[in-house]
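I'd like to ask some things about the structure below.
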Amino acid sequence: MPASRESSATTTSSSSSVSLGKAGGKDKDAREGWGGKLDFILTCIGYAVGLGNIWRFPYLCYKNGGGAFLIPYTLFLVLCGLPLFFLEVTYGQFSSLSPLAIWKVVPLFKGVGIGMICVSAIVCVYYNVIVAWTVYYLVMSFRAVLPWAHCDNAWNTIHCVDQSSRTNGTNFAGQGNLTGGSPWTGESEGGPGSGLNGTWELMVVTTQSNKSTPASEEFWLYHVLDQSDGINSLGTIRWQLLLCLAFSWLCVFFCLFKGVKILGKVMHFAAPFPYLVLIALLVRGCTLPGAADGIKFYIIPRWEKLMEFSVWGEAALQIFYSVGMAWGGIITMASYNKFSNNVYRDSMLVPLINCGTSFFAGFVIFSVLGFMAHEAHTSVDKIVTQGPGLTFVAYPQAIATMPISPLWSVLFFLMLFTIGLDSQIRLFYKYLFVQFVLHRSGVVMVAIRCCDGSIKPYALCPQGGIYVLQIMDWYCASFSLMLISLTECLALSWAYGVDNLYRDIALMTGKEPHFWWRYMWKYITPAVILFIWAFSVVTLGPVTYGSYVYPEWAIAFGWFLGVISVVPIPVVAVYKIMKTDGPFLHRVRYLLKSDYTWGPSQPEDRKRYIAAMESAELEEVTAIEKTSLSNMDDCDEISIAFLHKR
């Protein structure tokens, strides 16, 4: 430690060390904890289970070997998903700090926390637009006849095909290009994103004489989006979507304006409700003709697929994004736990429920896709789709053919709205929390931030807003999350040390975790993250939107959004090194050690933490430190021990 920095740190600590526990306790009291034992688990489930579980995983399972895909998927859950989730819950609960303040643990890497803020702030902007789409579909479902079930609407073209057209002999078996210059045909390469995840393919129907589009697709393209020709012509604002977006932010406000306890109570409904709807949809889907063919198509293993590198890469990507690491939301939710909460149990339970939900949702989706194939007299592989194509075109089209179709439509889109709102609340709540204002400014600050959030997506509501949204999703939540996770894992396992992590866990739960986590955090999980990062870099090409080619300035803007969350890591590290006194290597060593204020927030827990310091650390105190400490009149034994640790 540099002499000048050492002297100032020691002098400052003489008065602050004694009151540190009280200060921590005061902050903890100011921030309310979870109201019940299930609040944290339900909130984390709502955070991790998102739209990708519904519209991404079932398609990946079909595409990459059916039931065989579960082998690499489960493997990467064990090697990457569980260790990272366990790590974030551990040091979030231990410190009761935000994703930014928590980097007192290793000050050199405070840029990781800033990067998490940047990612969540950007994703918050466009994720609620997707939620607004579900709101619009939900509102339009309250009709005796669903508007996407027929071609008698003002937005329909002469190429529209509906249920009556199919009954009269239209062939739905082929695939062709959309009319009107739509970019929704075919499969894009790369683009692993947080919500839309790259592939924007749709089922397209073909008549005997010309190319046609189903009524549900025209409703989506020509009414909901009223899509323009490209990003250079954004067009006019879709006021319907703007109102739905305002409603979505209003829901976020009412879930957060009273703090974490209200959020926990909301999750008692919001977390289990999607499962009830999924069960109802599965029961209904299994009663439809052709459902068994769809389910068989979904789960029958195709073992030869395991020999393809892309299958393993996509399994790793899906685990990485579905569990929710590196966003900061897990840290934020865990920071409200009681210090003695069973961190190990919760860290194992939530990712397993999340992945189980993805697999279960596949049965719901493919039972209906099997029905669609049966009705169209074709095979399931001709209509399998993912992303918005599944959620806003294929599935609504299938619902339109069911008896009492408005009821099933309401349930389906209410489920999507709940799932999307759950994830948005957690992202936005973390964004508030890291600014240290939620528990201080209350309702006013939440209202200001919600209004700010509803204004920022203004560019996503025009007719060409979908092009901007695709750029943000393509670049903002891909490789940057992996680099943040990698830095986080290495900083905690090597700089802070797995021995300290084990000690902290034992302090919270009463026993150390299994020895294998030591090797996971230090070696295996970082290696897996590097593999996922390399795979994403290889597969991530320039942003695409079907057949639409983005201009170079739009691609450059996307890369800017992508790197903006990674840049703070090296920039903040360099800044801190420059601001610290002493030789270069001494500065780095100093910044790789925990700040003297690091530790539990409650005084009684802090005393136990200091008492658990290894005796070897006390022997490393230099003669200068001993002399400085002997001159402190108000530094008690606990403070001295803590400064020795520092």
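Cβ coordinates are placed from backbone N, Cα and C, and glycine is handled just like the others.
Feature list, courtesy of TrEMBL:
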type: REGION; residues: 1-29; note: region 'Disordered'
type: COMPBIAS; residues: 1-19; note: compositional bias 'Low complexity'
type: TRANSMEM; residues: 38-57; note: transmembrane segment
type: BINDING; residues: Gly46, Ala48, Asn53, Ser322, Asn354, Asp422, Ser423; note: Na(+) 1 binding site
type: BINDING; residues: Val49; note: Na(+) 2 binding site
type: TRANSMEM; residues: 69-91; note: transmembrane segment
type: TRANSMEM; residues: 112-139; note: transmembrane segment
type: DISULFID; residues: Cys151-Cys160; note: disulfide bond
type: TRANSMEM; residues: 237-257; note: transmembrane segment
type: TRANSMEM; residues: 269-291; note: transmembrane segment
type: TRANSMEM; residues: 311-336; note: transmembrane segment
type: TRANSMEM; residues: 348-373; note: transmembrane segment
type: TRANSMEM; residues: 393-416; note: transmembrane segment
type: TRANSMEM; residues: 519-541; note: transmembrane segment
type: TRANSMEM; residues: 553-575; note: transmembrane segment
Would you mind listing, in sequence order, the residues at least six apart from Ser322 (Na(+) 1 binding site) in the same chain with a Cβ closer than 8 Å to its Cβ?
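Spatial neighbours, sequence-distant, of Ser322 (Na(+) 1 binding site): Ala48, Gly50, Gly52, Asn53, Arg56, Phe57, Gly81, Asn354, Cys355, Ser358.
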Ranking 38-57, 69-91, 519-541, 553-575 by Cβ pairs under 8 Å to the transmembrane segment (311-336), which is first?
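Most contacts with the transmembrane segment (311-336): 69-91.
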For the transmembrane segment (348-373) and the transmembrane segment (69-91), does the number of C-beta pairs under 8 Å, pairs 6 or more apart in sequence, reach 3 or more?
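By the criterion, they touch.
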Which of the recorded positions Val49, Cys151, Cys160 has its Cα nearest to the Cα of Ser423 (Na(+) 1 binding site)?
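Out of the listed candidates, the nearest Cα belongs to Val49.
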Counting distance between Cα atoms, which of the recorded positions Cys151, Cys160, Asp422 is nearest Val49 (Na(+) 2 binding site)?
Asp422
Counting Cβ pairs under 8 Å that sit 6 or more residues apart, are there three or more between the transmembrane segment (38-57) and the transmembrane segment (553-575)?
no
Same chain, not part of Gly46, Ala48, Asn53, Ser322, Asn354, Asp422, Ser423: whose C-beta falls within 8 angstroms of the C-beta centre of the Na(+) 1 site? Give them in sequence order.
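Output for this site, in sequence order: Ile45, Tyr47, Val49, Gly50, Gly52, Gly324, Thr357, Ile419.
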Where else in the chain does the transmembrane segment (553-575) make close Cβ contacts, counting only residues six or more beyond its ends and a cut-off under 8 Å?
108-112, 114-116, 118-119, 122, 231, 467, 471-472, 474-476, 478-480, 483-484, 487, 542-543, 591
Report, in whole Å, the straight Cα-to-Cα distance of Asp422 (Na(+) 1 binding site) from Cys160 (disulfide bond).
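It is 35 Å, counting Cα to Cα.
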For Cys160 (disulfide bond), just count the other CB atoms lying within 10 A of its CB, please.
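Result for Cys160 (disulfide bond): 22 other Cβ atoms within 10 Å.
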Which one, 69-91, 269-291, 393-416, has the most C-beta pairs under 8 Å toward the transmembrane segment (112-139)?
393-416
Give residue numbers and ranges for long-range contacts of the transmembrane segment (69-91): same chain, 6 or more residues beyond its ends, CB-CB under 8 A.
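Sequence-distant neighbours of the transmembrane segment (69-91): 60-61, 102, 105, 305-306, 311-312, 315-316, 318-320, 322-326, 330-331, 334, 343-344, 346-348, 350-352, 355, 359, 485, 488-489, 492, 501, 504-505, 508, 513, 517, 520-521, 524-525, 528-529, 532.
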Among the recorded positions listed here, Val49, Cys151, which has the most company in the form of other Cβ atoms within 10 Å of its Cβ?
Val49
Six or more residues beyond either end and a Cβ under 8 Å away: which residues meet both conditions relative to the transmembrane segment (269-291)?
42-43, 45-46, 49, 357, 360-361, 363-364, 367-368, 370-375, 402, 408, 411-412, 414-415, 418-419, 421-422
For Asp422 (Na(+) 1 binding site), what is the tally of other C-beta atoms lying within 10 angstroms of its C-beta?
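A 10 Å sphere around the Cβ of Asp422 (Na(+) 1 binding site) contains 26 other Cβ atoms.
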For the C-alpha pair, I'd like the distance in angstrom between Asp422 (Na(+) 1 binding site) and Cys151 (disulfide bond), rounded off.
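That separation, Cα to Cα, works out to 34 Å.
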For Ala48 (Na(+) 1 binding site), list the number of other Cβ atoms lying within 10 Å of its Cβ atom.
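Summing over all protein chains shown, Ala48 (Na(+) 1 binding site) has 27 other Cβ atoms within 10 Å.
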